[in-house]
Amino acid sequence: MRLHFTKMHGAGNDFVVLDATRAPVELTPEQYRRLGDRRFGIGADQILIVEKTDTPGVDFRYRIFNNTGDEVEHCGNGARCFVRYVRSHGLTDKDQIRVETMNNVLELKLQPDGRVTVDMNTPIFSHEKIPFDGAGLTPRRMGDFEQWPVSLGDYDVDLAVVSMGNPHAVQVVVDVDSGVVASQGPMIEAHSRFPRKVNAGFMQVLSRTHIKLRVHERGAGETLACGTGACAAVVAGIRLGLLDSRVDVDTRGGRLTIEWQGGDSHVLMTGPAQTVFEGDIEL
Ligand SMILES: N[C@H](CCC[C@H](N)C(=O)O)C(=O)O
């Protein structure tokens with residue numbers, strides 16, 4: 001099967017984007033893995049599928065597959081690339097579109113400076129919905145939030161847990177470049193207290209309006225940036241009393257800006273979205 005694709009990235013989190021608006025794209029997990037493979041395929045953290053939808057008030061459907069082949073609920077950096085893609089491929093002439101994912105509807109807006117703002121909806125804190133099993137743990141209360149002492153064997157890590165539609169465990173660390181991402185990321189990702197695994201975020205607070213963030217992503221390993229991870233880290237940092245309502249997030253791939261007014265307000269994420277090349281692949 002010959003597939004036309006577009007290679008894109010949002011702050012270094014990279015994607016293969018496939019257009020399924022004219023004909024359905026139904027691939028096997030092995031074929032998604034091949035597309036994401038940096039040696040035997042194109043190479044990407046995630047594969048994004050653009051589909052039509054007949055849901056009233058919604059412009060497109062947005063499906064996301066990690067490069068391990070599993071379909072997931074959300075991808076923030078991918079959402080920014082999504083709107084860049086549909087505009088540049090003539091699938092819409094709107095500057096603001098609404099797209100539905102597995103469990104969400106997002107508003108995506110192209111900004112005059114070329115960046116994209118995504119309304120990421122409200123964060124989810126219910127342990128049942130994250131999902132997170134905190135049974136038997138005594139959380140440390142900080143601000144109006146909790147840090148949960150999850151055991152990694154011979155030591156505990158203090159995790160703030162939140163979902164942006166996909167699960168995140170955020171740890172406040174003194175230095176994101178101290179090696180903790182490589183040593184702790186895989187253990188947290190696969191920890192039994194996260195029944196559907198989890199994206200493991202490591203946040204270094206530089207000021208109340210500026211953090212450094214590295215994320216070991218569920219089903220992709222460490223990525224150069226994680227959009228939902230940046231939202232989760234800022235939401236957790238605000239509730240822990242460490243951050244103000246608008247924060248610049250420096251990731252290894254670029255800068256994202258996250259805004260959240262607390263409560264039931266929506267999280268807004270603004271950042272870059274770039275097309276790298278187009279091509280065809282024989283699967
Ligand atoms: N690895 C994530 C999906 C991609 C999220 C990330 N690339 C983003 O920008 O939000 C998960 O399994 O939930």
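The backbone N, Cα and C atoms fix where each Cβ goes, glycine too.
The active site, proton donor annotation in TrEMBL covers CYS75. Residues annotated as active site, proton acceptor in TrEMBL: CYS226. Taken from TrEMBL, the feature substrate binding site applies to ASN13, GLN46, ASN66, GLY76, ASN77, ASN166, ASN199, GLU217, ARG218, GLY227, THR228.
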Request  = Would you list the other residues of this chain near substrate - those whose C-beta lies within 8 angstroms of the C-beta centroid of ASN13, GLN46, ASN66, GLY76, ASN77, ASN166, ASN199, GLU217, ARG218, GLY227, THR228 - in sequence order?
outcome  = ASP45, ILE64, VAL72, HIS74, CYS75, GLY78, VAL215, ALA220, THR223, CYS226, GLY229
Message = Return only the integer: C-alpha distance in Å from ASN199 (substrate binding site) to CYS75 (active site, proton donor).
response = 11
Key: Protein Cβ atoms within 10 Å of the residue listed as 'active site, proton acceptor', excluding its own   = 35
Ask   = Where the record says ASN13, GLN46, ASN66, GLY76, ASN77, ASN166, ASN199, GLU217, ARG218, GLY227, THR228 bind substrate, what is the longest distance in Å from one Cα to another among those residues?
value = 16
Ask   = Of ASN13, ASN77, ASN199, THR228, which of the binding-site residues has the most Cβ neighbours inside 10 Å?
value = ASN77
Message = What are the sequence-distant neighbours of ASN66 (substrate binding site), meaning same chain, six or more residues apart, C-beta distance under 8 angstroms?
response = GLY36, ASP45, GLN46, VAL72, GLU217, ARG218, GLY219, ALA220
Message = Neighbour count, 10 Å Cβ-Cβ cut-off, for ARG218 (substrate binding site): what number do you get?
response = 25
Query = Can you tell me how far the Cα of CYS75 (active site, proton donor) sits from the Cα of THR228 (substrate binding site), in Å?
reply = 6
Key: Count of other CB atoms lying within 10 Å of the CB belonging to the residue listed as 'active site, proton donor'   = 31
Query = Hey, does DSSP put CYS75 (active site, proton donor) in a helix, a strand, or just coil?
reply = coil
